[in-house]
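To keep things clear, I will list the structure first and then write my remarks on it.
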Amino acid sequence: MNIKRVAVLGAGAVGSYVIWGLSNNKDITLGVIASGERNERLKKRGIMINGTQYTPEVWTPEEAKNVDLLIVSLKYGSLRGALDDIQTIVGENTTVMSLMNGVDSEEIISEKIDRSHILYSFIKVASQGKEDGYHFDPETTVGIYFGELEEPYESERVKAVNDIFENTGLHWIITDDIQAEIWGKFRLNVCNNLPQAILGAGVGCYEDSEHMSAIREGLRREVEAVAKAKGIDLSKINAKSGRGSAVKASARYSTLQDIDAGRHTEIDMFSGAMMRMGKELGIATPYNEYTYHMIKALEEKNDGVFQYQGGNDRVSWSK
Ligand SMILES: NC(=O)C1=CN([C@@H]2O[C@H](COP(=O)(O)OP(=O)(O)OC[C@H]3O[C@@H](n4cnc5c(N)ncnc54)[C@H](OP(=O)(O)O)[C@@H]3O)[C@@H](O)[C@H]2O)C=CC1
Ligand SMILES: CC(C)(CO)C(=O)C(=O)O
């Protein structure tokens, strides 16, 4: 198998990391998928990445039909709306990798395409969109994890993806435990992104407050119970992760960044998915339920739902 045409769906913070790296591979044609106004904007302005302008090809879903590799890096809220585009793009020989956080983007994508197209993956990067484009540190980026769910782990498509990443500057890890790795990242996001997003403080809060630590542990127990019931063995990840990755106490993960910027978050992908899976498996998820509703309410607050000043005030009733 030889990968010659690669499309990126979602040319944002994560997509930029892929575009930055694969632009160095002169043996492939790289395109970003966009329709309408987004297509025109990307053609006109390209994408600013770490201070440099990148101008990959810009393809409509029809123009990208049957690419060899489709990399999906959308936010959770955009995924369902893009499923028809994914269906249009994916041909008989297309491999699809979703770098999205969470544990169910592959499941959602396979509502429209056969699951056999999907090579399971995720990414560890801290990339941020700012006024002058996207920024990340290529050196400290852990990179893209991918692998087959079952043997043969060294499949033709794993080798082909490995080959196009060579000498690009991208970092990547091929693993025989991709599902457990995805769940390890999910656990990290659910336990660390969410309580700090409610408190509005850097991740040092988990070391400095027994209360924040207790909430994080409550979420962790629920993720681990759901993972166990699904047959996901997180012990291998626990053994590998040691003390975890070093991070500044002031760090604000993506959920808090979304709240800070007044955007809607990906809470449906985190606690929303936990509540759904808990219900399916008969496992109570009270920490996630509370977290889900609090973060939805913070989104409402950002949307201006609770502005009671001046003429907007009224009598309301409490019991
Ligand atoms: N940022 C990070 O460091 C990390 C993010 N992740 C995960 O990766 C995923 C992507 O996050 P991130 O890159 O930060 O998000 P961004 O919002 O930066 O990027 C999403 C991109 O998708 C584009 N888009 C939305 N809808 C469509 C569509 N229908 N067709 C084509 N393009 C579309 C948006 O375009 P436009 O701007 O024009 O609306 C935007 O450029 C999330 O699941 C996130 O949790 C995982 C690890 C780290
Ligand atoms: C924790 C981190 C930075 C890891 O990539 C992330 O996924 C996020 O901020 O949501």
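Indices start at 1 and increase along the chain as displayed.
The backbone N, Cα and C atoms fix where each Cβ goes, and this holds for glycine too.
The domain 'Ketopantoate reductase N-terminal' annotation in TrEMBL covers 6-149. According to TrEMBL, the domain 'Ketopantoate reductase C-terminal' annotation covers 177-299.
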Whole-number mean pLDDT, the domain 'Ketopantoate reductase N-terminal' (6-149), equals 97
Secondary structure content, the domain 'Ketopantoate reductase N-terminal' (6-149) (per DSSP, counts of residues):
42 helix, 43 strand, 59 coil
Tally of helix, strand and coil residues over the domain 'Ketopantoate reductase C-terminal' (177-299) according to DSSP?
88 helix, 0 strand, 35 coil
